[in-house]
Structures are given as structure tokens and as C-alpha cells.
Amino acid sequence: MSVWQSHTSEDGRVYYYNSETAESSWEKPDELLTPLERALAKSRWKEYTAEGGSKYWYHEDTQESVWEIPDEIKKIIEANNPEIKDTEEPEATKTSAGPTYDTSTAIRGDAFKYTSQSQLAQAKIPKYDSEEAATQAFKGMLRERQIDGESHTWASAMKLLIRDPRYWAVTMPLDRKRAFDEWSDEIRRERAEKRRQAREEQLQAMTLALTEYPSIKYYTRWRTVKDSIMTENPIFRDVDDPKLCHYAFNVYRKRLRNSYESNLAREREVAMAKLETLLGTMGLSASSSQWLDTLGELRSMPKFSDDPRLSTMARADVLATYESFIRNDERRQNDQVQKLKKLQRRKERKVREAFVGLLQELHSKGLIKARTKWMDTRPIFEKDQRYIDICGQPGSTPLELFWDLVEEERRKLKLQREQVIDVLTAKKFAIDDGTKFEEFAKFVQTTMATTHSISEENLETIFEDIKAAEAKKREEDRYADERRIIRAQNDLRALFKELDNPPIGIDDKWEDVRPRVINSEEYTRVPTEELRREAFDRYIRRLQERERDVRERRRKLPASIPPPAGSIPSGLPGGLPSSLPNVLPSSLPAPPHGSVTATPHGSLPPPPMGIPGRYPIPRGYPPPPPPPYYRGGYDPHQPFLKY
């Protein structure tokens, strides 16, 4: 007898125990291996189980993996089980999958017998119209045999089902395994749903039972009533999970809390509405009422103190009601003010519309035109009630409305004037001082297609504007010509001044000077001979004025000035003599200490700019002239100006 014995663990797994060495092993010892198991152990093909429970084969040398039983394994099985060769396989086993053989079970020592399948061959395997129908039949077999994924693995289920003809209805092994997994998931979901429904029923029963305990309030703790409920109530006593009892109690207590809070909120709303009605009878105002004064008045009122709902209100609720009442009162006052403002704006708008209508009446009568002035028009309507009503009213003033109408007329007049000017320019119709309005109006009426839109008054105004514009343009052109002639005459006079071989004298005549300048540009720029002679005469007059000024200055000078005593006599021929008498003192007194010696201008170099006091400044040395100043800033090209 072998010292190794097989045993089954609590989870259904088989293990082996050595009675001599007290050794246990999950693997089947070599002493217990059958010839088939030893042959399979020597093969390089090994069987493994995937995550989903599917079996596959792996070759250790070539690293090839397949789902079907390799031919080498089939040959080993046939060689060690001769009776399989003589057994006729059922029709379903002729597929590529073949009969499933659990080699891992064989290696572990489970007695897997390859018995004759003549009974399966003789039994008729049912045929189905579709794979879905075959799968449903397979699941029906699992339900009938009470096989699921929780109590059976695919390997153990396969041993129980392999002789059932419905097992072979699903031809592919992977489809059988997939159907088994789907069935197991369905069973799990069904059982989970049943457990959930049972739990809900228990919760409903327990919460209903808790309603029989009036002592349980929304603030009651579970530990306070746990012992009494668990011992007295059979519903709680029959529940296996104590956590479920605690959960049911919390659900019931939450329901009580929600009911209490909803009742409390409802009572609070009723009390606040009643208090707001009471505040409305007190004549409160948002601008003058104070909270503390109102609170004291409320407490002294019997309607407040005798009412249990009002007297028991929290002070915060009373304050909230008071603030809500004041806000509503402010809103009512604001709505009333806005309503009055709206009515006032409507009244002002009607007054403005009435005055605008008055202006339109005057415009239709021809009293308001594009050139009409306010001071000329106001006396016409100053006693009209429509004008009196708008005076002092906010918004647009009567003057602004008047100017709006006048500006609109001016805009129309400007557009019409531009149209007329375009026509005059296109037809080359000139207007001068001798042009008559009748001639202008006749030309415009026969030329323009939109004459009917220009009134007679506007047409006359346009004529006067164009005539004034032409006159102004002629005046500007005349002024420009005069300035151009004056500049040309000044240039010609400057040319006279530059003549120096010989220079022009006061006795020269224009006929003598004219040939000397006739070819110059300055001469040709003066348009007429008369203007050239005028420029020459002005130049001669200027020379004469200068001569008179020189004679006048000479006349005012004294005849002779006697020299001072000891000075050099004047009038000596040949300049100063070689020797003069020593009339000057032999030596001059030394200047005082620190004083500046008088020296002629230019004997010392000028001091550097910006460094005063570096050199002594000689007496009489002129300071630099101040820079010129003018409105635009310093300009070096302008003459010096005094401060």
C-alpha cells in the first residue's frame, strides 16, 4: 500500500498526504501516476488555464500556444487507452475541438476514465436551427442540473455534463465555455437581485415596526433603544445582519427629522406671515422707522404678546420679517416714484411735441427758414401757451428745438446749393456782379430735374450765397495779385541797391537805369512799366530821405570842440611827431587792491560761456546780449528783442 493518500480540502481541491513524512502536496506524487500521466508529463506540451477558465496548451520549446488538444497529446492518450480506438465518437466529436480531456485532472490523480461513448453515439444529439437556440438549450441544461459559477468551475461542470446530449449541441468548446460564463453571470445577477429585494423587504418591515415605538424621536440614538428592540421585536430578532438593523433605524430617524423640520418650517412661515400682517397695521415707513423702536412697540402690543406663535418666535425671525417688510415698503415707494417720473416724462414729452408742432406751423408759413434768427422769431410766439408750457421744463430747451429745425433747414439748403453748383459748373454758367436773379432762376429751372423740390426763397438764398462767394473769391484773388506785385517791386528795389558800378544816385533817371536791369528776372516779374517806374521812384525817394537825414545830423553838430589842456594838438601834418613833450605824469598810482584795471576792449580774451568768474572782466567790457524771446520760443533767425 502506498504511503501517499488523497484528500479533499474544504474548497473541493484534491491534495496528497504522506503518512510517513507528514508531507502534503497539491501535485500528484510519481508513485500514484498512471502510465498515461507519466507519458503526458514527459511531453513538451503543457496544459494551462486562462483567466476566464478556458484551457489551452503551450509548447515549452517552440513557445507555441493552441486552444485545441495537440496531435501529440492525442496520440499519447490513444497509446495508453486502447479502448478509445474501438469506440465510435459521436457526431459532435468529429469537429475540430474533439472530446475535452482534462489532463490537469489526470495529472492530479482524478480517476478520469475513457469509457466507451457508444451510448452517446447511440443517443441522438438534438439539432437546433441556430447557434442562439443551441446556446439557450445548453443554458437550460445548466439550470436543470443546478450548475452555476459560484458552486462549480467549468472543469467540474464539464465532467457532470459531458454525457448529456445537449452538451454536444454547442459544437465549439470555446462557445460552451462562453455560454457557461454567461449563465454564471445571469445566476449571480438573479441572486443579487433577490438579495436586494429581500433586503428592501426587511428594511420596509423594520421601519414599519419602528413606528410602533412612540418613544423614538428624531434625536434618539441607536445604542439607546438597540437592546429593547432587538429582544422585543421578532422582525429585528430574525435579521442575521446587525448592521442592517442599524441602517433601518437611521433611515427611520432621518424620516422623523425631515418631518420635524418640514413642520417647523411650515410653522415658521405661518408665524412670519402673521407678523408681517401685524407690522402693516403699525404704519411703519422705510425712511423713518427704526428696528429697536419697532421691537419695543411689538412687545407692548397684546396681539403680539398674547399670540403663542408670535411671542415664541426667535428674535432673528422677527428681524428677518421686519427687514422683509421694510424692503417691500421701499419697493412700493420706489415703484410709486418711478410711476410719477414716468408720468412726468410723458407730460414733458407731450409739451415738447406741442412746441415742435408750433415751430412746424411757423415753418409751413415761411416764418422759419435756414437763415432765421431766434431773436427775430421769438416775439411771434412768446405769448403762445405751447411756448409758455415748455419754458423751465427739464430736457431740450425751446432754443435747442428751434435750432434743431433751423439746422435741418440749413442741411437741406446746403444739399440744394451743392446740387445747383454742380449744375453751374457742368454747364459753365458764370455768376458775377451783373448777373440777375431772373436769369439765374430761368437757367436753373430749365436745367435741373429736381427744381420742384427747391422753393423760390431757397433758390434766391442760393443765388445770393453763390454771388457772395464769387465776390469774395475775386477779392481774395485781387489781394493776392497786389501782394505778388508788392513782393516783385521790393525785389526790384533790392536789385537797384545792389547796382554799384556805378551806384544809383538821387539825380539818376529811370530811362538811364532801365537798360541796366531790363534783362533781370526781378524786372520781368513786375507786370507793367508803370509799376516798375513806381518802384524806381520809391527807391529814389528813399535815397533822398537818407541824404536829408545826413545833412540834418551834420547841421546839428557844433562847429569845433577845443582839445583839453595837455592834449596832443590836432591838425599836425604827417601825424604825431617823433618826440612829444612829457605832459603826462611819469607814473600812475597803483590801482586799489582787488580792483580791475581799465583796459581797452579786446585786450583780454572773453570769459568762457557758463563759467563766470574764471577770468577778470575788464571795465567797460560789454555783456553778451540777451537771447531773443518770442511767443513760439527761441528763434535764432529773429532779431534781438529787449526783455
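Cβ from N, Cα, C; glycine included.
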From 90-119, 180-209, 360-389, 450-479, the residue range that TrEMBL assigns the feature coiled coil: 180-209
Mean of the pLDDT scores, which run from 0 to 100, over the domain 'FF' (347-408): 91
Residues in the domain 'WW' (1-31) grouped by DSSP into helix, strand and remaining coil: 2 helix, 13 strand, 16 coil
DSSP helix/strand/coil residue counts for the domain 'FF' (347-408): 43 helix, 0 strand, 19 coil
